[in-house]
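Copied over from TrEMBL:
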type: TRANSMEM; residues: 6-27; note: transmembrane segment
type: TRANSMEM; residues: 65-84; note: transmembrane segment
type: TRANSMEM; residues: 96-117; note: transmembrane segment
type: TRANSMEM; residues: 129-149; note: transmembrane segment
type: TRANSMEM; residues: 254-275; note: transmembrane segment
type: TRANSMEM; residues: 287-306; note: transmembrane segment
type: TRANSMEM; residues: 326-346; note: transmembrane segment
type: TRANSMEM; residues: 367-384; note: transmembrane segment
type: TRANSMEM; residues: 390-407; note: transmembrane segment
type: TRANSMEM; residues: 440-459; note: transmembrane segment
Amino acid sequence: MERAEAYGFSGAMSGSFLLSCLLFAAVSRRQRGPYMDEVFHVPQAQAYCQGRFLQWDPMITTLPGLYLLSVGLVKPAAWLLGWTGSVVCSVGMLRFINLLFSAGNFYLLYLLLFKIHQKNKAVSGFQRILLALTLATFPTLYFFTFLYYTDPGSVFFTLFSYLMCLYGNHKTSALLGFCGFMFRQTNIVWTVFCAGNVVAEKLNEAWKIELQKKKDEKISSRKGSFSDLTRILHFLVEYLLSPKNLVTLTALTWPYIILVSLFFVFVFINGGIVVGDRSSHEACLHFPQLFYFLSFTIFFSFPHLLTPTKIRKFLLSLRKHPVQYGLVSVICLLLIWKFTYVHKYLLADNRHYTFYVWRKVFQRHELVKYLLVPFYLFAGWSFADTLKSKSIFWILMYFVCLLAVTVPQKLLEFRYFILPFLIYRLNIPFLSLYRQLLELAFYILVNAITFYLFLNRTFQWENSDEVQRFMW
C-alpha cells in the first residue's frame, strides 16, 4: 500500500467509524431496550456474563459464538477500566461489539479487494478505498451494526477466512471458518467455498494445459455454448476420478475437510442444523429464493447490472438463443409453481421490509410471481455476465454454494443474502468511478431512509403497548 493510499484509507475508515459512533448514539438513545431478536440474544449474553453457561434460551437457533466472544471482550475490558454493575454486558455495551465488527469488516473488504484485483493495474487506490467504503455501508448489513445481532460477526469471520484462503493460509482459514460457523451454522457453506477456491484454481491450471495440448483457444473464449459446457463437465469428472488428483486436492484442502466433517458430526448428534426452535426454521427446496436473491442483487448493484448496454446485450442474446431461453423460462415457471413457500413470519410481521415487498408485489395477483420470470432471466444473465472474468470452475463452485445457502431457506429474509452478495461484489470487475460513486450515493440514501423510518416512524400493535419500528 502506497503512503497516499494508506493515508486515504485511514481517513475513510476513521471518518466512517466516527459517523457510525454518532449514529450508534442516536439509535441507543431512541431504542434503549432490546428490540426484535435482541430480546433473545441480549439475555443470553448477559447470562454468560454472569457465568451461567448452561443456561440456554430454546428460541435461539444459532450457536453461541456471539455470546462467547462478547464475554471474552467485555469482561476483560470491564476489569481493566474498573466497570461494575449494570454497565457490564448492558444492551449498549453488547451492541458496541458489532460496531467494532463493522470497522473490522471495512478493513477486511479493503484487503480482499486488494488481493482479488491485484493484477488489475488500472484500478487506483482511491477506487479500492471507495468500493471498500461502499460495501462496508451495504444497507442490509450496516443496519445490524447498531443492534445485537449475529450478522456483523458472521460476516467478519467469513470474510477473514476467505482472505486467509486467498493467501494460502488454509489452517488459519479453516479455524476462522469454525468461528463463523459458531455465529451461524449456514456459514459452513463458505468454508466449502474456500476449499472450492483451491480446487477451482487447480482445475483451471489443468484445463489450460488440456486446451494447450489440443491447440484450442483460451478458456475465457470457450464459455457459452452447450458443447463447451459438456466438454468441461467431462473434463471435471475425469479429473476428479483420478486418484492422484484426489490425493493432491486432499493434501491442499484437509483443514476444510476436517471442519466439514465436524459439521456433519454436529448435524448427526444435534438431529439437524438448527439448534433451539426448529419449528419455524424447517429446511425445504425453496428454489424461488434464487430468483429473490438475483432481484435483491440487481437492486443493490443496479449501476453494474441494470445498464442500457446490459439490456441491449441481453436482448441480442435472447434473439440468438430463443430455444435455450424458452427452455429456461419453462423450468423457472415450474420451479415457481411447485416450490414457492410462504413462511408464517413473512405474512405476520409488519415490522420487516419483506412483509411489504410480499404484500405489495407478490400478493397483488396470483400471476405476478410468474410474470416476473422475464425479469429473473435478465437478472440471472446480467449477474452471470459480470462474472465472466472468473474461471468457469470458480463460477460453478460459487453457484453451487449460492444454491446451498439460499434454496433450503423457507423464510424470505434479506439478511440471508448478505454474504453471497458481498462475495459476488468482491469478485466482479471494477467499473467507472462515476458508477462507483452512484452506488455509494444510493447506499447512503437507502441507509438514511432506513434509519429515519426506524428512529422516527414508530407504531404500535393493537394488542401490545411496546413501540414497534420498521427494519430490514
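Cβ coordinates are placed from backbone N, Cα and C, and glycine is handled just like the others.
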| task | Using Cβ atoms only, state whether the transmembrane segment (6-27) and the transmembrane segment (367-384) have three or more pairs under 8 Å that are 6 or more apart in sequence. | result | no
| request: Tell me, please, if the transmembrane segment (287-306) and the transmembrane segment (367-384) are in contact, taking contact as 3+ Cβ pairs under 8 Å between residues separated by 6 or more positions? | output: yes
| message | Using a Cβ cut-off under 8 Å, which residues of the same chain at least 6 positions beyond either end of the transmembrane segment (390-407) come close to it? | response | 186, 189-190, 192-193, 196-197, 199-200, 203-204, 207, 219, 223, 232, 236, 285-287, 289-290, 292-293, 384, 416-417, 419-420, 423-424, 427
| field | Long-range Cβ neighbours of the transmembrane segment (254-275) (under 8 Å; 6 or more residues past either end) | value | 60-63, 170-171, 173-175, 177-178, 181, 185-186, 188, 191-192, 194-195, 281, 283
| field | Tertiary contacts of the transmembrane segment (367-384) (same chain, 6+ residues out, Cβ under 8 Å) | value | 288, 291, 294-295, 297-298, 305-306, 310-311, 314, 317, 325, 328-329, 332-333, 336-337, 340, 361, 395, 424
